[in-house]
Amino acid sequence: MKGSAVTGPFGLSAALSEREQAGLLRSRIATDGASGGRLRVAGRDYLNFSANDYLGLAGHSAIKTAFQGGIDRYGAGAGASPLVTGYSRAHQQLEETLADWLGVEAVLLFNCGFSANQAVLKALLGKDHLLWQDKLNHASLQEMGSQLPCKMKRFGHNDMTALERQLEPNRGLIVSEGVFSMDGDQGSWRELAALAAQSGNWLMIDDAHGLGVLGSEGRGTLAAQGVAPASVHIQMGTFGKALGVAGAFVGGSRELVDYLVNFARHYVYSTHMPAAQACAVSQSIELVRAADEARAHLGQLITRFRQGAQALGWQLGASDTPIQPLLVGESGAALQLAERLRECGVWAGAIRPPTVPVGTARLRITLSAAHREQDVDRLLEALGPRPSTDERGGAHGA
């Protein structure tokens, strides 16, 4: 008989054992709070270089006050799908604020970026369409693309020549990221917009990690690269990174949003985000738009870290954003380095396959405007000079 009362039909124990033996088993650590570039775990305080709170807004008093005010007015939860009674004036106001900020006709709110990305692809793409994706796109995009009836073609990371060879006129959707979440580099959006226009295909940006950090008033990667919003048919962004709250949105034409309201199953069949959360995000946007000084400070910290780490012999990815991949190579070496930093009171996450390709394990170091120069210096001191190959026990850089 296949399966049993003990093991079941799914091979859970074997799968977990295989992950553990490969040094890839994941687990969770409960924190006692994280804000302002700090983290408390098991009663100990750490410098936090692993969060996506790029502007340090997650603990901002004005956002917390707006959240509480929203709870007082609307309650703790939406209580229904947005197409029933879960859509409030607070949601509508946030959509209008986002549309004005980002230069799009209309916006639709989602509970998270994963569902927003998947909702768009599933609603738009049928068996007669083509989907082109950068090979380093987020798992939400890659996963949904592989499940759709359309044909998905992946092009090498930021390889516009390869994409141009793959394109067919008026057949579907090109998707790439503003800032790539594991490498910190930016998509080539001027070239992408030009190729989309020339081929008659639609273009979508996942700007989860660019929004709030890049461009005038934090408008994101398109603004930073001088790309008109109208040349990108679909914008997706999130509220849980630089904006310091949670949730996501899709922006574009009014017709696109009306279509998604009717055909995006992740939207139609989910309880809406709490109205109080929308109140908090609206307040956050106001702060982000005025945060030029914080963005300038963040840029200085990025430069300070990169210069210091390279002087110590560490290999970094080609990133000028808050995401700084410190490339280690083997998973075991990345875990050991992360543990050594924790012993020094510094928290930085080790990223291993399958999140990144085999042989490219890394510390994903993220900087925040809440950090100080002395915090970066303490991180560099904890890292110390990069060990030689022999000292690393055979580990190698990616």
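Each Cβ is built from the backbone N, Cα and C atoms, and glycine gets one as well.
The substrate binding site annotation in Swiss-Prot covers ARG26, HIS138, THR355 and rests on sequence analysis. The pyridoxal 5'-phosphate binding site annotation in Swiss-Prot covers GLY113, PHE114, SER181, HIS209, THR238 and is backed by sequence analysis. As annotated by Swiss-Prot, N6-(pyridoxal phosphate)lysine applies to LYS241.
Feature map: Swiss-Prot annotations on the structure.
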residue	record	CB count, 10 Å
ARG26	substrate binding site	9
GLY113	pyridoxal 5'-phosphate binding site	27
PHE114	pyridoxal 5'-phosphate binding site	19
HIS138	substrate binding site	21
SER181	pyridoxal 5'-phosphate binding site	20
HIS209	pyridoxal 5'-phosphate binding site	30
THR238	pyridoxal 5'-phosphate binding site	25
LYS241	N6-(pyridoxal phosphate)lysine	29
THR355	substrate binding site	15
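Note on proximity: of the recorded positions PHE114, SER181, LYS241, the one nearest THR355 (substrate binding site) is SER181, by Cα distance.
Separating the Cα atoms of HIS209 (pyridoxal 5'-phosphate binding site) and the residue listed as 'N6-(pyridoxal phosphate)lysine' is a whole-number distance of 7 Å. Excluding GLY113, PHE114, SER181, HIS209, THR238 themselves, the residues of that chain whose CB lies within 8 A of the CB mean position for the pyridoxal 5'-phosphate site are, in sequence, ASN117, HIS138, SER140, ASP206, ALA208, GLY240, LYS241, ALA248. With respect to their backbone Cα atoms, ARG26 (substrate binding site) and GLY113 (pyridoxal 5'-phosphate binding site) stand 22 Å from each other. Between PHE114 (pyridoxal 5'-phosphate binding site) and LYS241 (N6-(pyridoxal phosphate)lysine), the C-alpha separation comes to 13 Å. In the three-state DSSP classification, HIS209 (pyridoxal 5'-phosphate binding site) falls within coil. Taking the Cα of HIS138 (substrate binding site) as the reference point, the closest of the recorded positions GLY113, SER181, THR238, LYS241 is SER181. For the pair formed by LYS241 (N6-(pyridoxal phosphate)lysine) and SER181 (pyridoxal 5'-phosphate binding site), distance between Cα atoms is given as 11 Å, rounded to the nearest Å. When secondary structure is read from DSSP and collapsed to three states, GLY113 (pyridoxal 5'-phosphate binding site) falls in the helix class.
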